[in-house]
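Listed in TrEMBL:
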type	residues	note
DOMAIN	1-226	domain 'tRNA methyltransferase TRMD/TRM10-type'
BINDING	Gly113, Ile132, Gly133, Asp134, Tyr135, Val136, Leu137	S-adenosyl-L-methionine binding site
REGION	227-251	region 'Disordered'
COMPBIAS	232-251	compositional bias 'Basic and acidic residues'
Amino acid sequence: MRIDILTLFPEMFQGPFAASILKRAADRGLLDIRLHNIRDWAHDKHRVVDDSPYGGGAGMVMKPEPVVAAIEAVRSLDDAEARVVLLSPGGRLFNQALAAELSIIPRLILVAGHYEGFDERIRNYVDDELSIGDYVLSGGELPAMVVADAVARLIPGVLGCGESHLEESHSPSAEGLLEYPHYTRPPEFRGLKVPDILLSGNHAAIARWRRQESIRRTLTRRPELLSGAELSKTDQKTIEEIRSEQPPDPG
């Protein structure tokens, strides 16, 4: 998969993309990430990419000429099908399902903004607009990193274990639940013991325990997710049992 990132600050990406899973994926030819400085398409003497907003107001707005020129030039670099995605607080909320959808596209072009935002006309030249959450950052660089990482790790062969992502929180195979707790050696740490069931070797019992703990964690931390989860009658009974364990509301 090829991911092109259009940004005013390509140097911000060097650290995250030069280590760990993404670097190994690139070294193995599974992932090709290319960075492009939007200023390279600003052809005035000072390479200006922003200007004050019409109608007044605080901040500066990214100009359409260099951004659209960058999108068109980068899109033309490869014949593979590409989706151009604008990173913006006003976009659709990015989630695991969207990451999976983007991971099967041969090529992704991420446009990271800065300053007050984009000239509205730029949106006519992109295919999608995504946000990573209901908060505002200094620019689109961090969201671009988040999207690139979430998408890349779903590419077949990128993770060491082919099924590593299948049971993670928010993955489709997790059926809308958070992931169960994990433990490793030693079996006891400062008086905190690994649950006996995980040391039993009984794989069926371990699977039941993991399902129950996944439900427990979701109910405790993100109860709103349960409304969209795929729950069996056994799961419903587990929820009732967990709720019965909780102390009554003093109010």
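Each residue's number is its place along the chain shown, starting with 1.
Cβ from N, Cα, C; glycine included.
Feature map: annotations from TrEMBL on the structure.
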| residue | record | Cβ neighbours (10 Å) |
| --- | --- | --- |
| Gly113 | S-adenosyl-L-methionine binding site | 25 |
| Ile132 | S-adenosyl-L-methionine binding site | 20 |
| Gly133 | S-adenosyl-L-methionine binding site | 11 |
| Asp134 | S-adenosyl-L-methionine binding site | 7 |
| Tyr135 | S-adenosyl-L-methionine binding site | 7 |
| Val136 | S-adenosyl-L-methionine binding site | 7 |
| Leu137 | S-adenosyl-L-methionine binding site | 14 |
Treating G and I as helix alongside H, and B as strand alongside E, what does DSSP give for the region 'Disordered' (227-251) in helix, strand and coil?
15 helix, 0 strand, 10 coil
If you measure every Cα to Cα pair among Gly113, Ile132, Gly133, Asp134, Tyr135, Val136, Leu137, the residues listed for S-adenosyl-L-methionine, what is the largest value in Å?
17
